[in-house]
Amino acid sequence: MFSGRSLLLLLHICSLTVSSLALPFEQRGFWDFSMDGDGGNPTSAMMRDEEGSGMEEELPPDVPLCPFGCHCQPHVVQCSDLSLTVVPKEIPKDTKLLDLQNNRITELKENDFKGLSNLYALSLVNNKISKVHPRAFTPLLHLKKLYFSRNLLTVVPRNLPPSLVELRIHENRINTVPEGTFSRLGSMNCIEMGGNPIQNSGFEPGAFKGLKLNYLRISEAKLTGIPKDLPDSLHELHLDNNQIQAIKLEDLKLYKHLQRLGLGQNHIRMIENGSLSYIQNLRELHLDNNRLTRVPKGLQDMKYLQVVYLHSNNISQVDVSDFCPRVFGIKRSFYHGISLYGNPVNYWEVQPATFRCVTDRLAIQFGNN
């Protein structure tokens, strides 16, 4: 159980920022949620210290009860780790944060969240949910964050709340995303759906239509190429730990706003010349643990690129123009990190001028040297 003060500290995390350079998301607990301020901060009000009284006040008859076994504070209901098989009843109508993770819930029924129109964040992580009623989320008019990871879903639930900003649905059994799955979700900013056994063919044309995402992660899936027709608004795209074999010329054409691209731990042997020219705003590129035999062409023309991970490939040669432009003043941001360790290239064979646009020699990693 959390005390009032410690709970308040734990609620100040998980903000979505467009230029985030954080590591891929890992759910650690329900309190990874954050509250988006809209004038007043509801968390500060709900966690206000009430120790001044010293007397027990008799509760008014209209104060709602806390579900049996759960821990309730104003606007917060925590029912995790209780071996629940159904969503509990008598959840207070003013609840904003509802934690149901680490239980044994198998199904979401039509009236499970009836009356919870004020709910802001809902965690259903690590249950056994395989069935969701089409109207289960209808009452949740103000839901912003839905954490649905580590369940048994085979499809993305239908009729998600239009207010939704963040959806974490990784580590399920989703293998198909039909057309219109995310329709009416114009406020959605972040989707995490890695760890599902989905192939490229599982994304039907129009699957992401209407979305204006900043962040999308489809890592640890069964992709053999970069999916088509992802939202062109993306600032972060993570496709690590798949089976992608090549980057073709048109693969990145739509994603001119990308600032971070994760393609590590794939099977990439070839990056077609010119394919990186479409993502000129990129700041960070992960191509580690692939099968590249040379540094990709086009890095020297990327004005804002600051971090490149190329370690654990088959690169045997690094040319003097691989990273930096030949003309001084073209590059707007110098490199803060270039990793080349785990490649069959000898650092003493690389000309020092190769890294003339790097902030510091310590930013270059050649194994132990």
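Glycine is no exception: its Cβ is also placed from the backbone N, Cα and C atoms.
In the disulfide annotation of TrEMBL, Cys79 is paired with Cys70 out of the candidates Cys70, Cys72. Here the candidates are Cys14, Cys66, and TrEMBL names Cys66 as the disulfide partner of Cys72. Non-local neighbourhood of Cys70 (disulfide bond): Val77, Gln78, Cys79, Leu82, Pro88, each in the same chain, at least six residues away, with C-beta under 8 Å from its C-beta. In this structure the alpha carbons, written CA, of Cys324 (disulfide bond) and Cys72 (disulfide bond) are 57 Å apart.
Here the domain 'LRRNT' (65-97) has a mean pLDDT of 95 out of 100. Between the disulfide-bonded residues Cys66, Cys79, Cys324, the minimum number of other C-beta atoms within 10 Å of a residue's C-beta occurs at Cys66.
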